[in-house]
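The structure appears below as structure tokens.
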């Protein structure tokens, strides 16, 4: 088959028939150059507009250093710095359940470096988990164009291993074994709540 300009049509084999761990989807739309944050933003808008869930990205805290007051009723910030977030990236409500999660991307092909996480973030995740919150990480391997949901309950052992200076990263294979693969699709782009449903079911069985 040819395009109207006479050039041949070449099928992108990397995006057709792609499956993973038993996935049967015939089409994988792929990241298409977007960041994980943008994919989540588009998905959250989809969930919100259809009354499925209310999930938002937490604003990054800012440390104001210098303020100028040209008028009594006005203030101009001349200097400010982004502070290290004290909690996770996202939180919200889904079917009456509190969700709290961190989103991370890595260019590494074989592992996820744990120095991307901060101890205060992990403490926050632990506190939410102890209150029966649904807590997890969304990890994207950019070079592989693969996204995984890693439950906090499974992440804990890797973090403890990191603290003990046994191993400073989590391999792709460990994440595949302990997490859930999330395929890209048309709408929402990253339907991670479908995977959250599986996580809630699995954790409810584990906690019984």
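Glycine is treated like the rest: Cβ placed from N, Cα and C.
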In Swiss-Prot, which of the ranges 1-30, 31-60 has the region 'Disordered' annotation?
1-30
If you count the other Cβ atoms within 10 Å of each Cβ, which of the binding-site residues 89, 102 comes out on top?
102
Roughly how many angstrom lie between the C-alpha atoms of residue 121 (Mg(2+) binding site) and residue 104 (site 'Transition state stabilizer')?
13
Which secondary structure state does DSSP assign to residue 121 (Mg(2+) binding site), in the simple three-class scheme?
helix
